[in-house]
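Annotated compositional bias 'Polar residues' per TrEMBL: 245-255, in sequence order. Taken from TrEMBL, the feature compositional bias 'Basic and acidic residues' covers 256-283. The feature domain 'Cytochrome b561' is assigned by TrEMBL to 13-218. The region 'Disordered' annotation in TrEMBL covers 241-283. Residues or ranges marked as transmembrane segment in TrEMBL: 7-30, 50-70, 82-103, 123-144, 156-176, 196-217.
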Amino acid sequence: MEDYGRFLALLASSLLVGFVSVILSLVWVFHYREGLSWDGSAAEFNWHPVLIITGFVFIQGIAIIVYRLPWTWKCSKLLMKFIHAGLNTIAMILAIVSMVAVFDFHNAKNIPNMYSLHSWIGLTAVIFYSLQLFLGFAVFLLPFAPVRLRVALMPIHVYSGLTIFATVIATALMGITEKLIFALTNPAYSESPPEATLVNCLGLLLVIFGSLILWMASRPHWKRPAAENAKILRPIGATPEGTEVESTMTNSSNADKSDLRSNTEAARKQNIKHDEAGLRSTM
Ligand code: HEM
Ligand code: HEM
């Protein structure tokens with residue numbers, strides 16, 4: 001894999017930033033707010049940010065880049081599809097529970113539903129996310145869809161997946177701002193109390209997390225190789241025993257090795273060409 005070290009650095013940073021975001025959301029609700037419970041009180045509302053940040057932001061982000069982890073390229077595509085679909089399903093479930101929490105809280109406190117821009121964009125993102133999940137299962141996981149349909153849908157799947165993810169981050173930022181404006185009265189948000197500083201930092205981390213994931217997911221040379229190229233594009237050191245590549249690498253002369261390298265380069269270029277034409281591996 002090209003720039004393996006850079007990929008690892010970005011991956012480690014995104015995991016760290018995502019993990020710290022989840023911790024900060026917990027510190028926010030436990031240290032500064034009413035904690036978590038399910039009784040129609042403000043503590044029930046608090047499930048909303050915690051589950052959104054854990055599921056809809058962090059887990060969805062990991063689900064998006066899971067195909068790009070070079071050590072998974074030796075795993076079957078079907079297994080990776082199960083992992084990608086499974087993580088996205090967990091994210092969806094947590095997002096739904098978080099929505100139930102906020103609607104339940106609003107109904108218990110007689111607060112009107114669906115009045116804000118945050119709630120409009122948020123609900124739209126959840127609806128498109130469920131559609132994406134349903135189509136992903138129906139077209140890419142179940143064996144019934146014809147190859148032509150898979151090939152036609154893949155660029156749309158990738159584009160809409162990344163757009164929904166970016167929209168989710170934007171919605172979370174709107175929600176955070178609203179909550180701080182509503183909840184901080186004495187001292188007010190404008191007086192920058194410690195809670196406001198902590199939660200502003202949380203918002204910044206969400207933007208950084210989103211940018212790292214979108215960067216990793218949009219580099220063509222870090223894409224999972226198409227099935228026919230997978231053998232020669234394995235990351236160095238990740239070659240499973242008994243494969244063609246390993247036996248060439250261990251038994252060959254230097255000339256053979258440079259041959260292999262130029263083959264790898266050719267395959268990589270071919271792979272990028274396929275990607276540009278929307279012909280990524282969909283099986
Ligand atoms: C309300 C969705 C993230 C704070 C709502 C409502 C929806 C929603 C649909 C309306 C509930 C109702 O009308 O009864 C989402 C989605 C998010 C998200 C999809 C994920 C990106 C957040 C975050 C916060 C937050 C991270 C931070 C605290 C709020 C607040 C309300 C609310 C304060 C009540 C005021 C309002 O209806 O706008 N959210 N939310 N949201 N959300 Fe979020
Ligand atoms: C690729 C998003 C559900 C199958 C992708 C990519 C994104 C994405 C952003 C591009 C990844 C990359 O370029 O490395 C989503 C979202 C989903 C979802 C947000 C849920 C709402 C599913 C489901 C399946 C699926 C249920 C069924 C197995 C695939 C496949 C790829 C893919 C086969 C191509 C991987 C490759 O490049 O080889 N998805 N996806 N997706 N997704 Fe999904």
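Cβ from N, Cα, C; glycine included.
Remember, TrEMBL labels are computer predictions, not curated facts.
Within its own chain, the transmembrane segment (82-103) is flanked in space by residues 38, 44-45, 47-52, 54-56, 59-60, 62-63, 66-67, 113, 122-123, 126, 129-130, 132-133, 136-137, 141, which lie at least six positions past its ends and keep a Cβ under 8 Å from the stretch.
Long-range contacts of the transmembrane segment (156-176) within the same chain: residues 48-49, 52-53, 56-57, 60-61, 64, 116-118, 121-122, 124-125, 128-129, 132, 135-136, 139-140, 199, 202-203, 206-207, 209-210, 213-214, 217-218, each at least 6 residues beyond the stretch ends and with a Cβ under 8 Å from a Cβ of the stretch.
The transmembrane segment (7-30) shares more Cβ pairs under 8 Å with 196-217 than with any other stretch in the list 50-70, 123-144, 196-217.
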